[in-house]
Structures are given as C-alpha cells and as structure tokens.
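Heads up, the thing below is written out as structure tokens.
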Amino acid sequence: MIRYFTAGESHGPALSAIVEGMPAGVALTESDINDQLARRQQGYGRGGRMKIETDRAEVLSGIRFGKTIGSPVAMVIRNRDWENWTVPMAQFDDNSAEVQKITIPRPGHADLTGFVKYGFDDIRPVIDRSSARETAARVAAGSLARAFLRQLGIQIGSYISTIGPVSEASAPAALPELLDAGAESLAAEADKSPVRMIDPATSEAAIAAIDQAKADGDTLGGIVEVYITGVPMGLGSYVQHDRRLDSALAAAIMSIQAIKGVEIGPAFDNARKPGSEVHDELFAGGEKGLRRKTNRAGGIEGSMSSGQPIHIRAAMKPISSLVSPLRSFDLATLEAVQSRFERSDTCAVPAAGIVAEAVVAPSSPTPCWKSSAEIIWRRLRKGWRLIGKRYEYALQGKKLRREPEVFAID
C-alpha cells in the first residue's frame with residue numbers, strides 16, 4: 001500500500017512529505033520531482049509568492065543510486081519566505097506579545113471553522129496550514145508514483161477548459177490525437193499556454209478575464225480536465241466500497257484546496273439525457289478485441305477502469321482572499337468589519353491541474369492504491385516469479401541472467 005503524509009506551514013521553515021510503500025527498484029531522477037514542482041508554480045494569475053519561491057525537493061531517504069529502495073521516501077522543500085516570518089512563526093520562542101493576532105476570518109476560507117475547532121485565539125495557524133502552499137509537498141509525493149506508473153505505461157495529464165466566464169465551446173479538436181500519444185502529451189500541449197488551455201483564442205480570452213478580475217480586486221475559479229491513459233481494463237472493483245476506482249479518484253481530487261465539485265466524464269451533462277444517449281455501445285474487433293465509439297462514462301464502468309482514457313473533471317471555486325474584501329466580523333470584539341486580505345493569487349486554476357495530476361497517482365489516499373493493487377500485481381507478476389528464481393539460484397550459488405525491474409512491493 002502506498003500512502004503519503006505532508007507537514008509544514010506556508011510561512012514555516014519548510015514543507016515535507018513522507019511517501020511510504022513505494023516499491024523498490026523504481027528508477028527516478030531529480031528532474032522527475034523538480035520538473036513537477038516547477039509546473040505547479042507556473043500559470044497566469046499567480047501572486048507575489050511565486051516570485052519568492054523556487055521550489056526544489058531535497059530527498060532525505062528512500063532513494064539510492066537513482067532508484068527507490070523500498071523504505072519511506074522523505075523529502076523537504078525549503079520556504080525562502082521563512083526568513084521574513086521567523087518572529088510570527090517561531091517554533092519555540094514565545095513572540096506572541098510582539099505579534100498582532102489575526103481575529104478577522106475571511107469568508108470562504110478555513111479561518112473561522114479552524115479557529116473554533118482547534119480553540120485558537122489567533123487565526124494565523126489555520127491560515128498557514130490550510131494554505132494551498134501545502135500542495136507543493138503533495139506534488140513532490142505524487143511525482144514518485146507518476147514515475148512508477150510511467151514505467152508501467154500509464155500516463156497522467158490535464159488541461160483547463162474553463163476560467164471564470166471563459167469556457168472552451170467543446171473538447172479541443174486535437175484531444176483524441178493527444179490522448180493517443182499519452183496523457184503527458186496532452187499536458188505538454190497545455191503547458192504551452194500560460195493558462196493551460198489548448199485553444200489559443202480561448203487562452204487569450206481567459207487571460208483578459210484574469211486581468212479584469214485583478215483590476216476589480218476579485219478572483220476567478222475554473223474547471224480542470226484530468227486524463228489518465230494506458231490504464232488496463234479492470235483497475236478497481238465493484239466488490240467493496242473502498243475498492244471502487246471512481247470513489248478513490250473523486251476523494252483524491254476533492255482533497256485539493258478550493259476544489260468543490262468532481263465528476264467522472266461528462267456526468268452532470270449525462271444526467272440530463274436519456275440512457276440511450278449516454279451509455280457507450282460495445283463493438284467486437286479492434287486491437288483489444290473490443291472497441292467503443294464514445295467515452296461518455298469517462299473510462300470507468302462499474303467502478304472499474306474500462307480500458308479507455310479515464311476522464312475526471314474538477315470544479316475549483318474562486319480563491320477566497322479578495323483585495324476588495326467581503327463583510328465579516330472581528331472574533332475578539334464581535335464588531336462588524338471588512339474581511340482582511342492575505343497575499344494570494346487572482347487565479348490558481350492552471351496550478352490546480354498540476355496538483356490534480358499528482359493526487360490521482362497511487363501515492364494519493366490509501367483507497368486509490370487499494371483499487372490499483374490487482375492491476376499492479378498482474379503487471380509485475382513476472383518480476384515476482386523472478387524473485388523466487390533469484391532465491392532458488394542463490395541457494396545453488398548461481399545468478400539470474402535477468403534481474404526483475406521491481407523487486408518488492410509491500
């Protein structure tokens with residue numbers, strides 16, 4: 001089972017991630033991790049923090065000579081902005097008398113609920129842990145599983161279809177060709193645009209909408225389209241709720257800050273149509289023995305992968321920190337006031353696509369790995385047989401002519 005944990009505050013010394021359960025023998029480079037971190041920092045509409053930070057992961061354990069060794073992989077991403085926050089975010093020195101407490105919650109944020117839940121007298125701890133800055137650690141963690149899946153022929157990619165009032169009228173004409181080449185080709189094409197949209201005219205309109213929102217002191221949300229290609233039929237299961245692939249993927253996507261909705265394929269559009277216009281008909285023939293002319297199920301039927309590209313759509317709400325603030329009240333005095341502004345982005349939808357790619361990899365929540373275990377097992381069964389042969393040969397003083405690519409999986 002692969003799982004990960006993150007730690008760290010937005011303005012603390014560093015973010016960290018521990019990935020547990022990675023198979024031994026998975027080839028990795030520093031670029032596999034840091035390239036994904038760089039992608040997360042891109043995107044039109046980002047705030048001033050991106051000019052301060054240049055995220056790079058420092059691997060502390062679990063990798064040797066460019067391959068995982070089966071033990072937990074620990075990584076740290078330093079926060080350059082920490083030097084400006086050593087007093088208000090000090091771990092042990094009690095500087096509370098020098099620091100002005102934040103007692104005005106921002107509507108739409110975790111400020112109020114976190115303040116009440118944990119019994120704080122200052123909102124700062126809530127702000128710093130609930131911040132989407134934490135997703136840098138998740139992208140680093142997800143990059144390990146992405147490298148593993150890539151070696152199994154599975155690719156993950158995304159693009160943006162909607163930013164605020166601007167939407168692509170239909171799926172890009174190039175989408176089928178890009179998916180045939182693998183979802184990473186789709187991601188590479190999207191990355192050419194500062195808003196990660198495929199259509200140039202739509203990209204320009206989205207940039208203009210972001211500029212207008214910034215001028216108005218407002219923010220914009222949008223819709224992320226995630227695709228997973230190369231997934232064989234049968235990943236997931238209908239047998240138990242915690243092995244359902246669509247459930248696991250939806251949970252992973254919904255764990256991302258500011259994501260408020262998720263669907264597999266065009267699910268909400270399908271809900272308005274009769275079944276005869278929704279379900280993907282089956283035809284004998286083709287390379288895999290069957291073929292379909294449509295993929296309205298989004299690559300998942302009966303909570304299992306159908307062998308078609310998996311398609312996940314995620315709705316991101318507008319960021320809650322507004323230059324032109326909404327009404328709130330002071331928790332210390334109960335006085336009605338305008339909400340406060342915390343340095344933030346105007347639009348982070350392009351970056352959300354990168355985070356979504358990371359969390360759908362099997363290093364995301366435990367159910368996702370449970371769903372994929374059967375397929376991973378079948379893909380690696382030859383390696384497992386070789387492990388037994390290696391032991392048998394070792395007893396005889398012999399050596400295998402071919403070593404398994406992946407030696408063990410917990």
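Cβ from N, Cα, C; glycine included.
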Candidates R80, R150, R343, the one Swiss-Prot lists with R129, S130, S131, Q257, A258, G302, K317, P318, I319, S320, S321 as binding FMN: R343
Local Cβ density at S321 (FMN binding site) - other Cβ atoms counted within 10 Å: 21
Around the Cβ of R46 (NADP(+) binding site), the count of other Cβ atoms that are within 10 Å: 20
Maximal Cα-Cα distance (Å) across residues annotated as binding FMN, namely R129, S130, S131, Q257, A258, G302, K317, P318, I319, S320, S321, R343: 44
Per DSSP, three-state class assigned to R46 (NADP(+) binding site): coil
Position of peak Cβ density within 10 Å, selected from the binding-site residues R40, R129, K317: R40
Binding-site residues compared (A258, I319) - highest count of Cβ atoms within 10 Å: I319
Cβ atoms near S131 (FMN binding site) (within 10 Å, other residues, all chains): 20
